[in-house]
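First the structure, in the form of structure tokens, and then the observations on it.
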Amino acid sequence: MPFDPSTLKYDAAGLIPAIAQDAATGEVLMMAWMNAQAVARTLESGRVTYWSRSRQSFWVKGESSGHVQELVDFRVDCDRDCLLVTVRQTGPACHTNRRSCFYTAVREGEEVELMAPLL
């Protein structure tokens, strides 16, 4: 059956969360937002495209930094309200220059930094 981005469940702002996962390691890299057009652009181009809520514009991951996300697989969850994009990540995924945006853990009530920025 052909995929139609309009069949996804978007929030009131027309957005859906998209979790990026490294295709080789399974590591969760980041979470960002997509709208229907970002979904379509991602599937058409093979380059993961998000919607920047702060800039109110499309954000092709790595367009300015070179830290691109090449789409490997695109999955829809059971409620159709969240996406999982598995990617080939070039360089760090996080704007803090870390491999993953999930670099802080809470352990025994304390925040622990799990990874330092890449050089």
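Glycine too: its Cβ is placed from the backbone N, Cα and C atoms.
Per Swiss-Prot, Mg(2+) binding site is recorded for Asp77, Asp79, Asp81. Within its own chain, Asp77 (Mg(2+) binding site) has Leu83, Leu84 as residues 6 or more apart in sequence whose C-beta sits under 8 angstroms from its own.
Using a 10 Å radius centred on the Cβ of Cys101 (Zn(2+) binding site) and all shown protein chains, the other Cβ atoms total 17. When secondary structure is read from DSSP and collapsed to three states, Cys101 (Zn(2+) binding site) falls in the coil class. Per Swiss-Prot, Zn(2+) binding site is recorded for Cys78, Cys94, Cys101.
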Any further residue of that chain within 8 Å (Cβ to the Cβ centroid of Asp77, Asp79, Asp81) of the recorded Mg(2+) site: Lys9, Val76, Cys78, Arg80, Cys82
Distant-in-sequence Cβ neighbours of Asp79 (Mg(2+) binding site), under 8 Å, six or more positions away: Lys9
